[in-house]
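Contents: one structure, followed by commentary.
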Amino acid sequence: MNNINTTLIEGRKSHSKFHISLKNVDKNYGDKKILDDVNLSIKKGEFVTLLGPSGSGKTTILRLIGGFEWTTRGEILFDGLDIKDLSPHKRETSTIFQDYALFQHLSVTGNIKYGLKLKRYPKDPSSIDPGIYKNLEKKKKEWEKFAKSKMKQLDKTQEEYEKILKSKNLSRGKRQKYQSWLDDSDFKYSYWETYVVNKVEQFEKHHLTRKITKDEINEEITKMIKLVGLEGSENKKISELSGGMKQRVALARSLVIEPEILLLDEPLSALDAKIRTKMQRLLIELQKKIGITFIFVTHDQDEALELSDRIAVIRDGKIEQFDTPKQIYDYPINKWVANFIGEANFFDVRFVEKNKALLLGKHIPTIHTEFEEGQKLDGLIRPEDIDISLEKGHFEGVVEKIIYKGSYYFISVNVEGKIIEVETNDYFEVGKKVWITWDLDALHLMAKDHKGFMANDF
């Protein structure tokens, strides 16, 4: 049986190809800009991770989507409809916070049951008076007419205020008043744009749905307990559970209300390594099984690479790159992203001609053709893409340090004063002369990142 929220949301949907879109979103706290012109579009059923260091703005984006914060400017669209004026409980989202926010006085079952109190199911069509639908169509026309009149009134007021602001004789107080109204006009328009849809939802909820029964509640709880692996813990108190089990309860409580979008704010950060790995696998399994959109916040690069369909890498309130894990890891847009997303060797490079780059004094073949001759670039080669041997290669160097990592060795090679890191299965003694080389496509060239960064950014 379908959740009524899923049924009602159909009335909101347009033909947008994206489930969620943020368009030109700014967020300010006083004079401090937290988000700067953020544009992000997420498809239905995607697992998207917002990845960035502390203070980058990733959690703010999540809170804007969930309705816990308001944008300063810009649009937040669900299926093409601007919903930034909607309160959290009216959005098709459920949120798992970093501390899980579980009810300590309730059992596992009690926590999962909590969200079901407001859940409603569609009534049996045969029990509904056909006149209800005629009445709904009549009211829709009335609501549409009313909303249009309000929109026209807003247009007129906006035009009037914009004209007034052009006057040079306007006092400072009045100028601020009119400008403040214009700055907030986005929210005023958004309210009336969604007015009809909201009225229809209220009508349908009252006339076309019913409360969920006790048996249905128990059925939903049993299904969810099985889904997240909580069998045998139904009656336990929250204080009796491990971190991993608490996380499962939080997942069950969020998923039982059948949201279209699950928002996860660093939910695994407090778990130890083994439990964290198990929960990562569970998240992937659940997302594929139920098929809803997951938006996951983390500062852990490995976690983002393992979980995501796509990753938005965020820096100082801006999205630096939004792409698949493979594209971001292999083809980062700049040095900052490359350094943040994994181990890397960087080189100062000059593009000398088509398919050639000057690196450490040598002309090295490259697959790149898009840069201008003489252009200064950043070069990237991942440690695992470098071959080390005793046979002649691109550069000769000396092994300075070797670290055993279990399944491989991490070796530091000194090449004319430049330390190059290499991952290899072969052992080389410290002080040994070696040669390093790499495949043609291992060298990735990027335009210089003039913004720069400090080591403590990571």
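Cβ atoms here come from the backbone N, Cα and C positions, even for glycine.
As recorded in Swiss-Prot, the features of this protein are as follows:
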type	residues	note
DOMAIN	20-341	domain 'ABC transporter'
BINDING	G52, P53, S54, G55, S56, G57, K58, T59	ATP binding site
REGION	120-210	region 'Insert'
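A map of Swiss-Prot features onto the structure.
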residue : record           : contacts (Cβ under 8 Å, 6+ apart)
G52     : ATP binding site : K58, H299, V313, I314, R315, F340
S54     : ATP binding site : H299
G55     : ATP binding site : none
S56     : ATP binding site : I314, R315, D316, G317
G57     : ATP binding site : K27, I34, L35, V38, I314, D316, G317, K318
T59     : ATP binding site : L50, D265, E266, V297
Number of Cβ atoms other than its own within 10 Å, given for P53 (ATP binding site): 15
Any further residue of that chain within 8 Å (Cβ to the Cβ centroid of G52, P53, S54, G55, S56, G57, K58, T59) of the recorded ATP site: H299, I314
Number of helical, extended and coil residues in the region 'Insert' (120-210), per DSSP: 73 helix, 5 strand, 13 coil
K58 (ATP binding site), number of other Cβ atoms within 10 Å: 27
Assigned element (helix, strand, coil) containing G55 (ATP binding site), judged by DSSP: coil
Whole-number mean of pLDDT values that fall within the domain 'ABC transporter' (20-341): 92
